[in-house]
Ligand SMILES: Cc1cc2nc3c(=O)[nH]c(=O)nc-3n(C[C@H](O)[C@H](O)[C@H](O)COP(=O)(O)OP(=O)(O)OC[C@H]3O[C@@H](n4cnc5c(N)ncnc54)[C@H](O)[C@@H]3O)c2cc1C
Ligand SMILES: Cc1cc2nc3c(=O)[nH]c(=O)nc-3n(C[C@H](O)[C@H](O)[C@H](O)COP(=O)(O)OP(=O)(O)OC[C@H]3O[C@@H](n4cnc5c(N)ncnc54)[C@H](O)[C@@H]3O)c2cc1C
Ligand SMILES: Cc1cc2nc3c(=O)[nH]c(=O)nc-3n(C[C@H](O)[C@H](O)[C@H](O)COP(=O)(O)O)c2cc1C
Ligand SMILES: Cc1cc2nc3c(=O)[nH]c(=O)nc-3n(C[C@H](O)[C@H](O)[C@H](O)COP(=O)(O)O)c2cc1C
Ligand code: FES
Ligand code: FES
């Protein structure tokens, strides 16, 4: 069998496959389908400083080869997550990544600090790119200076490695990536969802109560690949890639573009077994295209790496 | 029958359906399938100052619910287009929109001026957003000041109405739209393609010779709808909407989001009859959702208009 | 517990205007599902599954019946699937109807349009336990009516249609007052459920709700509904689709 | 002239490893297509059509035969289509082989792998006109060989395989020198065509080319190839897929 293992800051991954934030809750539901210990890691749903109820419904819409969502960061708040959700995930032998969100820089810092105080999660994913929060989240995600600032402040309060999750809704993804690298990010997660909308013809209004939502799924894969490929040439911190993965071939495509591991979001909804199935299928795909390990494939599609 | 007619600056459209630039050549090929006089208008393939051979092949790749292209503005140059292509299109009773491209501001001006000197086209579409040209096209499309500047200068040399074609690869589409409106644009075309990439697993390299390409097709429709909806609330010039249209329901969705007419690109490749079929299907869809004309539906999904 | 199963299509036929009845074969789901649960059905070329209620189960023959209305592209495609094909389903999903009922009770079943199906398997199950049933079923027109005969076989049944082409003309709420009952179960469009819960505010009742779903398993928080519970919300896909009428805010 | 037509599938069967032969029924295309033209085939769930060469035509029975190799998701799906179904096709597309040949000529047909199919209809047509044919067909292994018998029926036929499991071991270019001929027609992978056109530089010949296509009708400029012509390029979908070997730069 091919070597699927991969070491990233704070994460000893037995394979490069993890569920993406927000698409897997805190793991409970999918743990009824399979042993979460099979996963490379688990990225938890976004945590905010206090409980959030999120947006009104409808919160999801189907699109061609994708979907829109505007959940609005519904979550019980960081304290409750640490109290009731993290212990459950700890019962599996799997690294835990906490997705950190907020409306203000202070909220990001507070959430990161709270996770840091427990020794129960392995890394933070700084969600500066959620397009569904109005009060500021979107700003951090499109302005390099603000993104760098929040990254720097979070790094100051936390010993945990920080993966900054980038928004694709920007003119210059490389500028964003460089800014957060300089600010101390240990890695990048990319991409979050593209801002989109669907209009419901019978009501003549945006279908989502929040009007806009984040586009995910196979539809956005070419955008994710392009951004990772561009960023890989300009930054040296590792990238967790995501956006439309549905097959082991897709996983390899992300690795070649420069990702060191991948996250799978929307595909869980259609097939709850997608993550273990990808883990099982990956060795053969690596072999078919001439790679002896995950590590050997990383960045091999990128000129300066390949 | 519902009233499909719509008047826009320089364009008396008998219906709101036109083929999108670059997906219809100069009309010759599709004229073998149907009478081009049935169309609302024809948008020609991009014209540059002199002949261009475009990028190396492969130039297209298929993606989930879409495709990538990196044609690279291949065209015989504005003079030859006026000499050999426009006369053919003139033989049909259909408004002609010339798509203007270039690598420098001077080239845009020269192409626009040349079209202006003939009285054979009805409007210009200023393609400041082609992601496949390296020398500058992409810059105009993501910087509001540069976009405004090229718009202003083109307006100075041309009496033809100018529709500025916006790129979706920006953090703030509204800023782009406002900038070109202030600079004198008569209308907007949106959206052009999203920058994307596909990696070819057997060769471990980007499939397109140009590496990146423009993502089009149904996959990008939610992004187009979102951007048109946002722009419609902030600008008052009309919008020609495009991006993933494949059905008459899609056409209505674009109208509700704020488009006054639509262009159909990628769908022509799968179904050469798509434009006449949409024209035929549209009245019934308008009727089904309670509209007596195209005009009645425009912007009806947008709060400040509906 | 929910599983991912392949279900053989034994038959698919139109039973009313734009309404298809499909009989599916599966051991696990037929053995474990309870009335009010649903299947989350995969339809080719669609990124999200479609929730469809279980309308009937034949435990002996291990079949599950669903009834669905052709609404959009997913149900349109599902309607093309023929006998012999297989569909990929998550199920049984959600929590079903509360079946703890005193033996001498009278139960009112109130269904609107494509909300009728889950009430049939509920009614059949209650009838087996000799519970007295009164069913009020509302449809748009005579062309939309289905399963009238089947409901009559399990109890007193009243049909209303919006245009009066079959049964009484009007809405289900127009005839509610006529009946004495101990508890009601309702499924149908939200306006109907709002009218019913308002009108029957002081009667015990359970309603089955719909919402657009992402995961269908409780992981994505797409389908929440505000409740009076400590959490402040429940998930329709997991905690529902059936709720105590008093508990949720429509 | 190209049309959009629905073609009935009369049969679909595997004729070699990952290689499917499909017989299609259509009046218009069977009456108008010439050797070397292709069909632009719609495959459900795919935004672009697939170009597939016409491998044979039976004008009397109005059938068109295509042969395709399962490469990716489109051909994989096409391979699942069964007798009785219809496929949506643009065709006949492109320009075919030059058929103006002196009666006493000897023609060399050189096919590589899935480049063999268009040469069969060409050969059959030439054989009908009593032109002498020599066919050199190259395949990866014995398992990949198809249509050997059919080519033998229309002329002298030599098979080569990469691994020598059938016919001679080697590449088609290894055996080219052995034959005298007046003109050649070749179709196959680009490296093979490059080798052939280099080797037969001073012989008149025609080659059929492949490129990824958008429209398939000449409108999108996806499939251009540099040429010595005044325009500097030609479109494979419209001006080709067959070109004079001297005219194009591979
Ligand atoms: C718990 C539950 C049980 C249901 N039981 C039945 C049943 O037994 N029979 C039946 O005909 N219908 C039932 N529905 C409604 C059914 O799910 C929708 O009609 C169906 O999903 C429409 O899919 P479509 O592709 O045809 O429509 P589209 O409008 O094209 O669907 C687009 C998206 O919206 C979702 N959607 C659209 N309408 C609804 C809706 N009313 N509820 C939830 N999601 C929706 C679809 O699932 C899909 O994700 C049920 C819904 C729920 C939540
Ligand atoms: C003029 C012409 C005639 C052809 N005739 C035949 C034939 O008779 N039999 C046969 O088996 N194949 C033929 N091919 C090649 C055939 O078109 C491809 O094998 C097929 O498109 C692959 O589709 P896919 O979905 O299986 O592969 P994928 O790799 O999934 O396809 C992805 C995209 O790339 C395109 N593509 C991939 N490979 C090729 C290729 N070699 N040429 C052009 N486009 C490609 C597909 O059309 C699609 O748009 C011909 C190609 C051309 C241009
Ligand atoms: C329903 C849903 C909820 C999501 N919630 C979050 C979230 O809370 N935090 C976050 O960083 N990303 C969130 N995302 C984005 C995903 O983690 C992922 O970046 C994106 O969906 C692209 O991957 P995919 O195409 O595989 O889904 C969410 C996506 C979906 C579909
Ligand atoms: C093959 C191809 C070539 C294109 N060439 C041009 C062009 O020359 N000028 C331009 O403004 N847009 C060009 N476009 C963009 C389209 O006009 C259109 O904006 C885009 O494809 C979105 O619409 P669609 O999803 O309907 O294709 C091209 C698109 C494709 C697919
Ligand atoms: S649909 Fe995902 S939580 Fe209910
Ligand atoms: S494929 Fe469009 S020009 Fe050839």
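Keep in mind that glycine also has a Cβ here, set from the backbone N, Cα and C atoms.
Here is what TrEMBL records for this protein:
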DOMAIN    A:4-286  domain 'Dihydroorotate dehydrogenase catalytic'
BINDING   A:21, A:45, A:46, A:99, A:127, A:165, A:191, A:217, A:243, A:244, A:265, A:266  FMN binding site
BINDING   A:45, A:69, A:70, A:71, A:72, A:73, A:127, A:192, A:193  substrate binding site
ACT_SITE  A:130  active site, nucleophile
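Features per TrEMBL, on structure.
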{"residue": "A:21", "record": "FMN binding site", "DSSP (3 states)": "coil"}
{"residue": "A:45", "record": "substrate binding site", "DSSP (3 states)": "coil"}
{"residue": "A:70", "record": "substrate binding site", "DSSP (3 states)": "coil"}
{"residue": "A:127", "record": "FMN binding site", "DSSP (3 states)": "strand"}
{"residue": "A:191", "record": "FMN binding site", "DSSP (3 states)": "coil"}
{"residue": "A:243", "record": "FMN binding site", "DSSP (3 states)": "coil"}
{"residue": "A:265", "record": "FMN binding site", "DSSP (3 states)": "coil"}
**OP:** Please find which two of A:45, A:69, A:70, A:71, A:72, A:73, A:127, A:192, A:193 have the most distant C-alpha atoms, given that the record lists them as binding substrate, and give only that distance in angstrom, rounded to a whole number.
**Re:** 16
Original post:
How many Å separate the Cα atoms of residue A:45 (substrate binding site) and residue A:21 (FMN binding site)?
Top reply: 5
Original post:
What Cα-Cα separation, expressed in whole Å, is found between residue A:72 (substrate binding site) and residue A:21 (FMN binding site)?
Top reply: 13
Subject >> Cα-proximity to residue A:193 (substrate binding site), 10 Å cut-off, over binding-site residues A:21, A:46, A:127, A:243 >> reply: A:243
Original post:
Hey, how far is residue A:46 (FMN binding site) from residue A:70 (substrate binding site), Cα to Cα, in Å?
Top reply: 13
Original post:
Where the criterion is a Cβ under 6 Å from an atom of ligand 3, which of the binding-site residues A:21, A:70, A:72, A:193, A:243 meet it?
Top reply: A:21, A:193, A:243
Original post:
For the domain 'Dihydroorotate dehydrogenase catalytic' (A:4-286), what is the mean per-residue pLDDT, to the nearest integer?
Top reply: 94
Subject >> Cβ packing number for residue A:243 (FMN binding site), 10 Å threshold >> reply: 32
**OP:** Work out how many Å separate residue A:243 (FMN binding site) and residue A:70 (substrate binding site) at their Cα atoms, rounded off.
**Re:** 16
**OP:** Give the number of CB atoms, excluding that of residue A:70 (substrate binding site) itself, located within 10 Å of its CB.
**Re:** 30
Original post:
Given the binding-site residues A:72, A:265, which one's Cβ is surrounded by the fewest other Cβ atoms within 10 Å?
Top reply: A:72
Original post:
Are there any residues in the same chain, six or more apart in sequence, whose C-beta is under 8 angstroms from the C-beta of residue A:21 (FMN binding site), and if so which?
Top reply: A:43, A:44, A:45, A:46, A:97, A:99, A:125, A:127, A:165, A:263, A:265
Original post:
For residue A:191 (FMN binding site), what is the tally of other C-beta atoms lying within 10 angstroms of its C-beta?
Top reply: 28
**OP:** Sorry to bug you, but what's the C-alpha spacing from residue A:70 (substrate binding site) to residue A:191 (FMN binding site), rounded to the closest Å?
**Re:** 16
Subject >> Greatest inter-residue Cα distance in Å for the FMN-binding set A:21, A:45, A:46, A:99, A:127, A:165, A:191, A:217, A:243, A:244, A:265, A:266 >> reply: 20
Original post:
Looking at the binding-site residues A:127, A:193, which sits with the largest number of other Cβ atoms within 10 Å of its Cβ?
Top reply: A:127
Original post:
Once the chains shown are all counted, how many other Cβ atoms turn up within 10 Å of the Cβ of residue A:46 (FMN binding site)?
Top reply: 28
